[in-house]
Every structure is written in C-alpha cells, then in structure tokens.
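The annotation transmembrane segment is assigned in TrEMBL to A:49-80, A:92-114, A:120-139, A:151-173, A:179-203, A:215-234. What TrEMBL records for A:50-234 is domain 'ABC transmembrane type-1'.
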Amino acid sequence: MMASLVRGLAVMLGLLLLWQLLVWGTGVPRYLLPEPLAVFEALWLQGPLILHHALLTLAEIVLGLVLGLLLGGLMALVLASSSLLSRWLLPLVIASQAVPVFALAPLLVLWLGYGMASKVAMAVLVIFFPVTVSFHEGLRRVERGWIEQARVMDAGAASILWHIRLPAALPAFGAGARIAAVVAPIGAVIGEWVGSAGGLGYLMLHANARMQTDLLFAALLVLCLMAMALWLIVDRLLRRLIFWQPDTLHAA
Amino acid sequence: MSARPPGFRIEVPELAFGNDVLLQNFDASFTGGGWTCLLGPSGSGKTTLLRLAADLQQGGRAIADDGMPLAGRVAYMAQTDLLLPWLSAEANVLLGWRLRGHGRVGAAARARARALLAEVGLGDQAGLLPQALSGGMRQRVALARTLMEDRPVVLMDEPFSALDAITRYRLQDLAAGLLAGRTVLQVTHDPLEALRLGQEILVLKGRPARLAERIHLSSPPPRPADAPELTGLHAKLLAALAGSPAPERRAAA
C-alpha cells in the first residue's frame, strides 16, 4: 500500500518535471500549454469554483454508475432467465451499442433538459452494455457440475440462480463493473459538453473559450483524480465482494 | 429413513456419443439396501450409468422397484468434488439444505454437518474455504456433503480416489458404517476397494458395454483387506478386467 503510493507519487512528480521542462524548452505561450505551477495556482485561486462544479459532475457519475450497474445487472438476469427473452432481446442490446452513444447526447439534452438527468442518462448508456454483456456471459458459463449437483439436491431454478449462478457470475460482473467505473466519467462529461449549466465539462468548455487554459487544466486534473479514486474504490469493493477469487497473475 | 431403500433398474435402448455407441439394449438391476460396486476400464460407461441413475443423462432411464420416482431420493457424488469456492467447508456440506430453501440452517443440521466433518477428519477445517484445502481434503468434504444428504439411494463416482492409502481405508470403513442398509451404487477403479465394500460387484466391459462379470459377496462390508475369501476373488477380478482388452475408443470420441 505504502509502496504503491510512493510509486504513484514518483510517477506523478516525473511527469510534472517533464511537463515543466517542455514548457521551458519550447517556450510555448501560456494559453496553449500553461506550466504546472500556473495550473496549481489556478487550482488554488479558483478552488471553490472548481469544487462546486466537481461535486456536480461527481454526483452525475456516481448516480450513472449505480443506475447503470443496476440496469445492466437486471438486463443480464432477464436474458439469463429465459432463452426466449434472450433470443429476442440480445440482438436489441447489441444493436443499441451499434448506435454511437455520443451522437445521442444532443438528443438526450433535448429530451431531458440541461440539468443532471441527461448526463446521468448518458453515463448509464455507456455503462449498460459492458455490464450486461459481461454479467450475462458469467451467468451462462457456470460450471455444469454445480448445476447438476444442485438439481439432484432438488433445487428449483430460482434457488439455483440465487445460490449458484449469481455468486459464480460475480467475477464476470466485476469485470464489467470495473470497465463501467472507467467509462462513467466519460459519459457524464460528454453530456456536459453538449449542453449544461454546470459540471467540470461545462467549466472546461467555458475556460477554453476564454483562453483560461490553466483553469481548463486544473479542472482536467480534478476530473482525472476523481476518475482514479472512483476506480480504486470500485476495485476495492469488488475484491471484498469476490473474496474467494485469488489473484493468480502476480501471486508470489 | 421412513421406508426400505428402493432397488432400481437402469434401462438403456441405445446411448451414443456421436458415432460411438456406448450402451445398447442394456439392462441392469441393483438390489435395494445393497452396496453395488461398478468396475471397468476407463471409458467403459461406469460414470454414464451413474449419471443415468441420477437422472442427469439422456438416452436411458432408471426405475425404482417400488413404483415411485427415484428423483428426490438420491444423493450423488460426482468424480470431481464440485465444492463451491465461495462457501466454507461447513457451508458446502450444508449446500443441499440451503438449496432446498429450508431458510436459516437450523442448529441441528449445523451440528450434524460439524460432526460429519469431524468424522472425515476435518473438524478443525470446517470454516476454511475450499481453496485452502488439499485435493484429498476437498474430496472428504464432498463425501461429508453426500452423507449429509441422508438419502436412501447413494450414487458415488470414485469417492476415495484422491485419498492416501491410510485415509482411504479409514473412510471406506466410515462410509460402510454410515451407509449400511441403503442402496449404494459406487464406481471405482480399485478391485480391492470393490471387494472391501461391495455386496455385489459388476464388471463393465466392451463397446457397447455389457456386464462381463457379476460377483456376489455375502459377508457384510467393510471386510478386512486380508480376508481369505478376497484373495481368490481379487485374482478373478483382475483377470476379468485385464482378460480380453476392450476395443480402443476412436480418436474422435
């Protein structure tokens, strides 16, 4: 834990140094690429403003993530519950992904307004597919012996789903949820770019238009930190939830 | 157990995997309350017969001799332990209870599971996850889970295969004691194990498979491994198993 923190800090400092050297070496004007110090200055001076917008974006991301995981999980369960539903719905789920989701953003803003709803919907849309597909795959690929054994033990379909299929599919669900945690911020920010009155995406667009590049970078930095923190939390929760699955990749 | 454990018959008109006919016009009956051991070379259809009895295999059927369905009266122990990796050893033993929705597992059932785990030598490992157990320990948990089911008909596919010689000997005694009076069908590779436990020993051979040998033993199991009556039968069984080699399975099968 400590070591990984030190490693992360070292990488960060290295990148900052590189950035500073780049600015010094090329002499690019401040409105194209501000030096790190300027960005931190903006972060400090505009702190309350950034915080206000960051909280808005965070709320959109978290709401979108929770709703997306719920809806994706439910869809996977529906698909797994009946082969008839699966035959009719699965092509629909896949076709829904063939529509470039980002092209729908203006439409969502039109339908759901400039407020949070359209951004949450956007995040849900990008999350829904990876969660559904990976969870559904997990529900399908449960060890056959487990199911057979349960049938000999007189277990009903619901009992098998609850006691065997669901826990057995959790690792696959986890894979989908990790992807979801990474793409959720993208969905929310795209939604803000298309039309909004608040949020980090809005702030960045605004700062860009006024050549406040240092503010733009500061907002971007906060967005990155938020996304990373979100991923770490989701990863940690999933590891706790799927406690029986050891990490064999880098096991000592 | 309320009633006498039923005997059953397995009837198979034809059962084939692709072009490979495994069983044809096959009919075998198993005595109620008796312990039957199935011997035979790999791929001779032993596991398939067991799966037919457990209603897990299409192509044939198992009929109880008391006219009632066999389903619901069977405990089945597969060749692999099939422990659920997210449940502790004890919770795995209680799996049947959990699955049948008895709600919260009662104190009596829990105590029974603990006692069974202790009897298979895992009293101290009841709380461990399967991944913390060795292959032999896992098989013993699976055995305890099968015994926990407390069914009149018990089907076991090589239940002692992963155990060391001493533990195997001890658990054969344990199983013989706990399952006495029930209808047991056990697949094994070990002629001596069959001779220790079986009241009826069937040798399955050929393709399509047929019963090549049927030995009846009257003394009650478990028999000591050095019982004089076993020595001659051991040689006979080995001869029956080795005698005319079964035709090789086709590579495609």
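Every residue, even glycine, has its Cβ placed from backbone N, Cα and C.
For the transmembrane segment (A:151-173), the most Cβ-contacting stretch among A:49-80, A:92-114, A:120-139, A:179-203, A:215-234 is A:120-139 (pairs under 8 Å). When each of A:92-114, A:120-139, A:179-203 is scored by its Cβ pairs under 8 Å to the transmembrane segment (A:49-80), the top-ranked stretch turns out to be A:120-139. Listed as Cβ neighbours of the transmembrane segment (A:179-203) (distance under 8 Å, sequence separation of 6 or more from its ends, same chain) are residues 49-50, 52-54, 56-57, 60-61, 64-65, 68-69, 72, 101-102, 105-106, 108-109, 114-115, 118-127, 130-131, 134, 215, 219, 222-223, 226-227, 230-231, 234-235.
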